[in-house]
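J.: Provided herewith is a single structure, encoded as structure tokens, for subsequent inquiry.
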């Protein structure tokens, strides 16, 4: 089986295969760089700077690009005039969210959680090896992963509420129009 055929088999069920690929690559890049350079290169500064840069790049891409394309959601946090933190959510309407590709969504959510789990495991290894400086790298990367998890989970709850409201509104409209047409036909009103 050649590479083109393999790529077609892997991507045939994804609506956005390129976005899915980069969604996974940014996460894998930060993790792989950290693991490989921790094993073979002992320059903490290089490991810290490049790993945190890659994790920050992943954070931004997930938050602003792949989140919009793969699950139809985006989040951000603002500080209001009183100094309070206010979460803002943006998602597609209920009908568009219901049509999102299930494989794209599955990949998005699973990689989001698995990446955080991988950082936790790497943090445990850093604790066992008593490497507090490497624990700092893992802590920053885990914080970025958890921020996306919290943001998208809150956004998802808001989106589900919007979908429920959308379908309830359509159900009410359908019932009302059905009752109206039944009453009109029963009383001969056209």
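The backbone N, Cα and C atoms fix where each Cβ goes, glycine too.
Computed from a predicted structure; not experimentally measured.
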J.: Can you check which of 134-153, 154-173 TrEMBL lists as transmembrane segment?
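T.: Range annotated as transmembrane segment by TrEMBL: 134-153.
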J.: Which range is it, out of 31-61, 62-92, that shows up in TrEMBL as transmembrane segment?
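T.: In TrEMBL, the transmembrane segment feature sits at 31-61.
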J.: Do any residues, 6 or more residues outside the transmembrane segment (31-61), come within under 8 Å Cβ-to-Cβ of it, and if so which ones?
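T.: Same-chain residues near the transmembrane segment (31-61) but 6 or more away: 22-23, 115, 118-119, 122, 133-134, 136-138, 140-141, 144-145, 147-148.
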